[in-house]
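What Swiss-Prot lists as ATP binding site is G152, G153, A154, G155, V156, G157, K158, T159.
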Amino acid sequence: MKGKVIQVMGPVVDVEFDGYLPEINEAIDVTLADASKDRLVLEVAAHIGDSRVRTIAMDMTEGLVRGQECIATGGPIKVPVGEAVLGRIFNVIGDPVDEGSAIPADTERWSIHRSAPTFEEQSTKTEMFETGIKVVDLLAPYSKGGKVGLFGGAGVGKTVIIMELIHNVAFKHSGYSVFAGVGERTREGNDLYHEMKDSNVLDKVALCYGQMSEPPGARNRIALTGLTMAEYFRDEKGLDVLMFIDNIFRFAQSGSEMSALLGRIPSAVGYQPTLASEMGKLQERITSTSKGSITSVQAVYVPADDLTDPAPASVFAHLDATTVLNRKIAEKGIYPAVDPLDSTSRILSADIIGQEHYNTARGVQSVLQKYKDLQDIIAILGMDELSESDKLVVARARKIERFLSQPFFVAEVFTGSPGKYVELKDTIAGFQGILDGKYDNIPEMAFYMVGGIDEVLAKAEKMK
């Protein structure tokens, strides 16, 4: 059905149809006069009477004029799904933007607006998702189909952890990953692509980018584009998929821009009145079903470090685990710089992960907490003034700190040390051994940047 543009206000375009009214979220293709430009897609956001609709553009609207012809597609934006999307970069409308070959015409396409799985379809059992990263598996374990918040400032290693997770999922669980770059820097997207290529994980991941420079419609809907690709692998292939969203804050931010452009009355701090329901709609689609699961890791930018800001606060309600990266730990040279006392997980309970794992995790945390409490005394009076039992706690805590570091596969290029995937049972055995005092006579440097405890013993032998 044809219509015509009647008004353009930045990324908001009003379109008039003759005797036809497109549905909300329907995609409208604009016929551009300049054939060299990519196609422009509008998405219906509101009905404004008299067969007119207000739409949000998924790309820049430069060169758009009144009276320009539009075609209603009869359905929402549809993006390619399946094996064809792996190793490629897509924009919000599902077109490849990596200068590679076109997506085959017979590739299946799914609508980006989908319902969340029903209660009957959802899986009720809680299972741990093993990542092979010691600090995560021991202290803040991820659950299959769970949502993890990744908190950290610039340059503390968020991207490296994301890439390591993609690597481990591909090689240990032979699963696929989907990465949605929501409103982040173009340079970071480019770097990530090349780093993945160098680390040999690219052919197991689909990338969807809606960068900072793009209009709010593209930045908002790109999260749905990526999620749709992940849902296909879960529902049709029965796989456990990893879904990365970097950055979930930008999803809320772009929604707020769209809301203002559409003239809705803002709510707290200028955010859209529908913030909680928009976030809920996205997050409810990320879950485990009887067929497979989508486990998501979402980087969360906290504006001005204010955790009560409505955008991060709306994310917290949905998270099952948090992985907090700490600059002080990174400064000590301990990578991954995960804060063992700040990171939390809903499934860190004896009923789900078992008594042994639970006791070891809590034991490690209590030793680290005691060490933290003693640091003021050490700074003022020095180690010699501590009691013998406190000296032992400090020695074990320092070993635990070093043992929480681990060489990554994707960082082999920079560090020169081969990456390690540590099975959960080895992680638990190693830390329990430190707590029990089995390794009190081994120097702490032997625990630094190794995999399992057997490597510590081998390293200690070499150091003699």
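The chain as shown is numbered from 1 upward.
Cβ coordinates come from backbone N, Cα and C, glycine included.
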Would you say which of the binding-site residues A154, V156 has the most Cβ atoms within 10 Å of its own Cβ?
-> V156
Do any residues at least six apart in sequence from T159 (ATP binding site), in the same chain, have a Cβ closer than 8 Å to its Cβ, and if so which, in order?
-> E188, D191, L192, E195, D246
Quick tally, other C-beta within 10 angstroms, G152, G153, G155, G157; top of the binding-site residues is G152
Spatial neighbours of K158 (ATP binding site) that are distant in sequence (at least 6 apart) but have CB under 8 A | L150, G152, D246, A299, L325
What three-state secondary structure does DSSP assign to G152 (ATP binding site)?
-> coil
